[in-house]
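Visitor: Quick one: this structure, given as structure tokens, is what I'll be asking you about.
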Amino acid sequence: MKKIGVLTSGGDAPGMNAAIRAVVRKAIFNNIEVYGIKNGFQGLIEGNIEKMDIGSVGDIIQRGGTILHSARCKEFKTDEGQNKGIEQMKKHGIEGLIVIGGDGSFRGAVKLTEKGYPCIGIPGTIDNDIAGTDFTIGFDTALNTVIEAIDKVRDTASSHERTFIIEVMGRNAGDLALWAGLADGAESILIPEKKDELHDVVERLKRGQERGKKHSIIVLAEGVDNGFNYAEKIKETADLETRVTVLGHLQRGGSPTASDRVLASRLGAEAVDLLLDGKAGKIAGIQNNQLVNHDISEILQKKHTIDLNMYQLSKELSI
Ligand code: ADP
């Protein structure tokens, strides 16, 4: 293999730039040419492709977002769209592709691999919702952003003796809410992996009030409910007033943490090694701090599992 491509796709995540840098530098180190594809699969279809050199990835390891930009592209879900992408790869002589993104992006990578263009996936999403890897790039940074925000809300909650519901991202996964809730000593954590906790939340609030507690933090994963709906439910069930903070897109931005930069550098380099070893349709991940790889198609059929011991611990520590 002499020429490879790299793109970022789907939702952006802090650390994607560090991964791009690792891919580009590791490839050049191995005398491979690297082409950056802008705007994900949309840019692949349109031929928005540029050769990268060592300098193109200088000074980006610390930057959030993605210098290659990201996009969602419906056309790429069709045979026709995928064939247009392949035409562009042929035109530029690109023999293999590294796709940095989430599960949707990996479906595109599987399609290209099936059509004879080897792809390797790197999990880049703040949601930590990909099976086969303990962590995705961006999760640690988003977690730290959430914690900082909750700390600030807690100051107000405590000054004004209020209960706050903090809605955090994560799509259908509860990792971000669980880790943030545990790290912040939240009174209740609501995650999609554990349904129907309203009764428990209300009981905890009441118990807290009985023993003189004046404020509480409830961390709610967006996959469970919308914060304002949930506040309504608490009001209807127990006549308790809560305030809602929806953290929103600020969770996706910012300079990546050391952990995310290191993870991105390791996975980026590993993805290049996998392509050079002749592997195709694999995802590079990390498990027990060891680099691993799995078939993307297998991973897409599995669900990332949450650590229920951590969930139990959060309950025990916030009695
Ligand atoms: P994420 O990668 O963060 O999960 P999306 O689900 O939006 O984000 O997927 C990103 C892009 O991947 C889509 O816009 C589309 O171009 C491509 N994609 C998603 N699903 C498929 C599919 N089944 N086949 C081909 N490409 C897909």
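Placed from the backbone N, Cα and C atoms, the Cβ positions cover glycine too.
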Visitor: In TrEMBL, the residues T125, I126, D127, R162, M169, G170, R171, R243, H249, L250, Q251, R252 are said to bind substrate. Which of E187, E193, E222, E270 is said to bind at that same site?
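Guide: Of the residues offered, the record points to E222.
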Visitor: Starting from the ATP binding annotation in TrEMBL that includes R72, C73, G102, D103, G104, S105, which of G11, G15, G36, G138 is the extra site residue?
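Guide: Only hit among G11, G15, G36, G138 in TrEMBL's ATP site, alongside R72, C73, G102, D103, G104, S105: G11.
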Visitor: Rounded to the nearest Å, what's the C-alpha distance separating G102 (ATP binding site) and R21 (ADP binding site)? Just drop the number here, would you?
Guide: 19
Visitor: If you measure from the Cα of G11 (ATP binding site), which of the binding-site residues T125, D127, G185 is the nearest?
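Guide: The answer is T125.
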Visitor: Any same-chain residues 6+ apart from H215 (ADP binding site) with CB under 8 Å of its CB? Would you list them in sequence order, or say none?
Guide: R154, A157, S158, H160, E161, R162, T163, F164
Visitor: Can you grab the distance from S105 (ATP binding site) over to G185 (ADP binding site)? Cα atoms, rounded to a whole Å.
Guide: 35
Visitor: Using only C-alpha positions, which one of R21, V23, R25, D103, E187 is spatially nearest D127 (substrate binding site)? These are the binding-site residues in the record.
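Guide: Checking each of R21, V23, R25, D103, E187 against D127 (substrate binding site), the shortest Cα distance is to D103.
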Visitor: Please give the greatest C-alpha separation between any two of the substrate-binding residues T125, I126, D127, R162, M169, G170, R171, E222, R243, H249, L250, Q251, R252, in angstrom, as a whole number.
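Guide: For the residues that bind substrate, the greatest Cα distance is 32 Å.
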